[in-house]
């Protein structure tokens, strides 16, 4: 894979070393992962079958939920199965593949969140032109651009990684494969590669976050011209999106915009955005959105009626 690789298999240290703690983590994280898949899967299904969820906001939400399932599935299944084994291993090729898909889905989510903020901006600040600006072809192009941006970003990360020689040691001090822990195993200086990763990952996160914050500042300013009911409905919708943005961008900026380390706190922060946040997103959007709750009740009623028949 690289210039002079003597390493073909990597050992992952995991989150904790105590077997009892690992089994407790398994009992906690398995239901969390299942809830992530079921919750986000329900949103994708509801948007597809419900006629009341045809607006661009729900179109992008379905893409976000699909990304959440894929993003979580890149890390969590191996992570929770590793909690039950003493020695946790992964091939070098498997490690690189995990890094590729982890960054692919992660950056796709960043771009989708940015697009969703733009959708809310148009809906609130330019309501008379909303259907023209956010037409179905435009929505498809924006979603495709988000996925394409994720692929391009991830390809850059992998092209940087596969050029590195790995000749030992072969122990990754993390519970999954990521760039900084893998770079520490390279038998060459990785300063330039680290700068590229910082530029490619960190700056994307920061610039997207600043763009999101700016868009919501503009939205808040424009809401002064709306009625009380209009402000309440707009703020309710935006509050869900802002909550998801903070939960995702906070840990990402914390980890990728500073020098790498192996502190346990870093691993716990990574657990939050790889395991917990994907589960919270459907809960956040469902609890604060009446249309989604109504569509969920109709979908459930349809399934009950089908079962009775």
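Just so it is clear, glycine is given a Cβ too, placed from its N, Cα and C backbone atoms.
Those TrEMBL annotations? Automatic predictions, nothing curated.
Annotated in TrEMBL:
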TRANSMEM  26-45  transmembrane segment
DOMAIN    39-285  domain 'G-protein coupled receptors family 1 profile'
TRANSMEM  57-76  transmembrane segment
TRANSMEM  96-118  transmembrane segment
TRANSMEM  138-160  transmembrane segment
TRANSMEM  203-223  transmembrane segment
TRANSMEM  235-256  transmembrane segment
TRANSMEM  268-287  transmembrane segment
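Across the candidate stretches 26-45, 138-160, 203-223, 235-256, 268-287, the maximum count of CB pairs under 8 A to the transmembrane segment (96-118) is reached by 138-160. Here the domain 'G-protein coupled receptors family 1 profile' (39-285) has a mean pLDDT of 88 out of 100. Residues 61-62, 65-66, 68-69, 72-73, 76-77, 79-80, 83-84, 275-276, 278-279, 281-283, 285-286, 292, 296, 299 of the same chain lie 6 or more positions beyond the ends of the transmembrane segment (26-45) yet place their CB under 8 Å from a CB of it.
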